[in-house]
Amino acid sequence: QVPLRPMLGSLRELNHNVRTRFIYDFFIYTSSGMWGNAMLSVYLLKLTNSTKRVGFAEGAQGVCMAISALPAGYLADKFGRSRLLKVAVVVGLLALTTGQAAIWFCQSDSSSYISMLVSLCLWGTFTGISNPALEALFADSVESGRRSSLYTWKATFVSLANATGPTLNVALFLSIGNSWTIAIIRPILSAGMMVALVPIFLLCFFSDRKALDASSEGHAGRAGNRLNGCRKSDLEDVVEDGDSQEESKETDKLLGNGREDEVSQQSEQHQNGDCDDDDDDDNARKMRQKKFWIPAILICSDIIAALASGMTIKFFPLFFQNETNLEPVFVNVIYIASPLMLSLFAIVAQRVSLKIGRMQVCLMFKIFGILLLCLMGLENAWWKTAIIIVPIFIIRTAFMNSTAQLLKSVTFDFVTKADRAKWASLDSISRFGWSGSAVVGGILIDKFGYGETFFLTAAMQACGAVLYLLVIPLVPVKEEELVRGHDQHAADGTSPPDTPSSLPAIHSQPKEIPHRSRDHFEDVAFPSSFSPSFSA
């Protein structure tokens, strides 16, 4: 677990990419909180007077996100994350320019809608390109087995940013006018988009070279790399990677550390067949299965849940405007309180997960959130009473979304470093679900109303949560178990308890050099001209 004090202290103590990601998230989510959440849906409804067209615009954004995410994930793994982020900068600037034109320079509502549709498609492409690279680079810059704490603080940071956007909206509505008119919504949308300039240019400052080395490797990947360590060919490769075996022995003699006998003894053990190849193959097979099935199941669950949520999440602002009859300021207050409550629940979820397990907490929170959504659909009479329906909505939102970073930490603990951008691109498919199913949601709300749509959403979310039962037996309850064996046995050259005999002690890192970021190694362990490459 990452200590609380460094997280709340100086950002300089964090890895460069982690630090930059926190700043990026603050501005990008502040921007989306101003224009992309409550305001966009209302603005599109004012232009078209149709929830179907609102859903179509949101769906088009999701389709572009999904189409661009898959190739972006492959290219990020192949050519580097930071290169893809440079491409995202260009697309982001185009999206921003098109959006401003749609707001200020179109002469009719129909032309404004079409221009905004083009802008949303570009924003979807921007997210599809940038998100896989950002998620992979963030995972590359965080030590494996200790992710849940940093990911939880990242989620908390995002929640605070999500609250900052609506807070600025409240100030603007109070100064311009507290009513749902296009003339008042237009400058707020424009200001929110302009805030996105900061994170767009911040993408230029991420660096593959400043990611961590093997200490950020996924649990499956790290263990898999060690599974065949008892074979002679691997032992020879390790020795050849530095000096020759004879040179290593001579160096050990000069250092007087007695490693010659240790190496000789370990070599004899390998030659005498102390390593059981059958056990190695069995462990390798099990690890390969975990490496695939855990991320695959979680991604499938996430996609199902996202398709469900997309049918309603984009229409909650319209629900509060039309059914609860709330003014703009009060709707934005809801979107201030929701992320703040979510951040509190995220911290609680992470702390509880240390006791009962990450997947167990995720399942429990999802069940509570689904039940509260059913309650919202069941009691239509409560819709007109803000003091009842609003707290239910806020608490439901917190339960449903506060475990997202716990799920992500589990996923990346079982994904190798070389494949992270590909898996992160699948996460954008779930984001597509949020937008893509908005088309269906718009049709359902027009035909059946909000209550029936809430029930259908809850049923689909329950189907996604059931898949967690397949993952719970595969994930250790204690997150530290993923690295305790690695940290302990890396120091003495023995095998972690969940893997067969590992490479001999000459492959272990010295005790006095813990896992640290590349920045630390550049400053302490290596001269600047001799820094090893940590790029993906």
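Cβ from N, Cα, C; glycine included.
Marked as compositional bias 'Acidic residues' by TrEMBL: 236-245. Taken from TrEMBL, the feature compositional bias 'Basic and acidic residues' applies to 246-262, 509-518. The domain 'Major facilitator superfamily (MFS) profile' annotation in TrEMBL covers 17-476. Positions annotated as region 'Disordered' by TrEMBL: 236-281, 485-518. What TrEMBL records for 26-45, 84-105, 111-134, 155-176, 182-206, 292-317, 329-349, 361-379, 385-407, 428-448, 454-475 is transmembrane segment.
Contact check: the transmembrane segment (84-105) against the transmembrane segment (182-206) gives at least three Cβ pairs closer than 8 Å, residues 6 or more apart, which meets the contact criterion. Two recorded stretches are said to be in contact when at least 3 C-beta pairs lie under 8 angstroms, sequence spacing 6 or more; the transmembrane segment (26-45) and the transmembrane segment (454-475) fall short of this definition. Counted as Cβ pairs under 8 Å, contacts with the transmembrane segment (454-475) are highest for 292-317 among 111-134, 182-206, 292-317, 361-379, 385-407.
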